[in-house]
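Database features (Swiss-Prot):
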{"type": "CARBOHYD", "residues": "474", "note": "N-linked glycosylation site"}
{"type": "TOPO_DOM", "residues": "1-58", "note": "topological domain 'Cytoplasmic'"}
{"type": "TOPO_DOM", "residues": "100-134", "note": "topological domain 'Cytoplasmic'"}
{"type": "TOPO_DOM", "residues": "156-171", "note": "topological domain 'Extracellular'"}
{"type": "TOPO_DOM", "residues": "217-231", "note": "topological domain 'Extracellular'"}
{"type": "TOPO_DOM", "residues": "253-265", "note": "topological domain 'Cytoplasmic'"}
{"type": "TOPO_DOM", "residues": "287-313", "note": "topological domain 'Extracellular'"}
{"type": "TOPO_DOM", "residues": "335-355", "note": "topological domain 'Cytoplasmic'"}
{"type": "TOPO_DOM", "residues": "399-421", "note": "topological domain 'Cytoplasmic'"}
{"type": "TOPO_DOM", "residues": "443-479", "note": "topological domain 'Extracellular'"}
{"type": "TRANSMEM", "residues": "59-76", "note": "transmembrane segment"}
{"type": "TRANSMEM", "residues": "79-99", "note": "transmembrane segment"}
{"type": "TRANSMEM", "residues": "135-155", "note": "transmembrane segment"}
{"type": "TRANSMEM", "residues": "172-192", "note": "transmembrane segment"}
{"type": "TRANSMEM", "residues": "196-216", "note": "transmembrane segment"}
{"type": "TRANSMEM", "residues": "232-252", "note": "transmembrane segment"}
{"type": "TRANSMEM", "residues": "266-286", "note": "transmembrane segment"}
{"type": "TRANSMEM", "residues": "314-334", "note": "transmembrane segment"}
{"type": "TRANSMEM", "residues": "356-376", "note": "transmembrane segment"}
{"type": "TRANSMEM", "residues": "378-398", "note": "transmembrane segment"}
{"type": "TRANSMEM", "residues": "422-442", "note": "transmembrane segment"}
């Protein structure tokens, strides 16, 4: 038993030494004259940076669609699903962090260097479980992040329309596609320090604006809260919440940007607790005020009264969507760089040029499927369910299936989980629940709703869910 413990300590020492060396290098970089302020804004590898990145990335445009989900689910189910999926998301993010540390400790033991190389989830799967798992991880992760980026573009166009309706949403998508393409200049998550901080501040403002504005507005006349009304709506709403707390597809990249990745384990959980303070009050207040009207208004901004406070919320969410686009797209940039052999290039401008082809299909898909709201649920059911719930839980069970793997695990079981049996029971529950409820029922409901949107509005819809113009005015009709 003593030799096993010594072996484990040896295994982890290499990882610790490498990480400490990286931290020293970062400190040396910051020591040069005149670079202190730049490093303060640009270089972020602390626990706090990771927390801001997780919280900022987790709740973006989906904040605006959660009241819509509540109208489909009803108040009680909406609250329960938020808490349930928030905790489940934190659990699977924890599993991903454990697998990352396991993979990295094994590779460091083999003297593998990760200088100028960002470890990604599919590489962790390949290192621990083989090439088939790499293919599965790569396919699901890239497709999810691709559509995650598409959703941010759609949200930009949907939001700006509520300030300036002189251009249709499709035209705004063209404009914001060009703006979001500038994220190619941000090298990695290590350089998102100031953006993550600002992004979370913007989301916090918008969430509390929605809450206060809905309460001040009060309930609309003859308000009706009929949810849950239809099974299709119920599972569509539940799957949008599954999508909300499935933002940990970039966990590995965020961990790799940290100076001490082992400290990540509980960060996502604490980020989720903060996110609850934004998502629950805003969704509850807006649904309380507008009720079933939300069934035809997937973007909460469309029902809130137009004033300077709302316009500020729209603008801040636009900036935050630009940041979240970068979060979703950066792992895709890394994959593309590795494919074309540019990943270890030090020049920011050369890498930016190489990354541009990634933005083109995202731009195109945002113009084809402009269905803000329904597309979230479809992506949640078909992609998020496997990418960040089923695959991590299954991978964890398979990685530690042998007694020797469990004994030599780089990370011990958490104190709240006294045995491996309980660990396996929780993981099996996650896999079964998400496969049946998230992918099965959620997939059926989301695709039914998505196809209905295509039939109603058509592909390449010029202005999805835009109210008709008043004949005598250029302003949109107030609801």
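Cβ from N, Cα, C; glycine included.
Contacts between the transmembrane segment (196-216) and the transmembrane segment (59-76): present, as 3 or more C-beta pairs lie under 8 angstroms, all at sequence separation of six or more. By the Cβ criterion (distance under 8 Å, sequence gap of 6 or more), the transmembrane segment (59-76) is counted as touching the transmembrane segment (266-286), at least 3 such pairs being found.
By the Cβ criterion (distance under 8 Å, sequence gap of 6 or more), the transmembrane segment (172-192) is counted as touching the transmembrane segment (314-334), at least 3 such pairs being found.
232-252 is the stretch from 79-99, 232-252, 422-442 with the greatest number of Cβ pairs below 8 Å to the transmembrane segment (356-376). When Cβ distances are compared across the two stretches, the transmembrane segment (314-334) makes contact with the transmembrane segment (232-252), since 3 or more pairs at least 6 residues apart fall below 8 angstroms. Within the same chain, residues 60-61, 64, 120-122, 124-126, 173, 176-177, 180, 249-250, 317, 321-322, 324-325, 328-329, 331-332, 335, 361-363, 365-366, 369-372, 375-376, 379, 383-384, 386-388, 391 sit at least 6 positions outside the transmembrane segment (135-155) and bring their C-beta atoms closer than 8 Å to a C-beta of that stretch.
Taking the topological domain 'Cytoplasmic' (335-355) as a whole, pLDDT averages 86 in the prediction.
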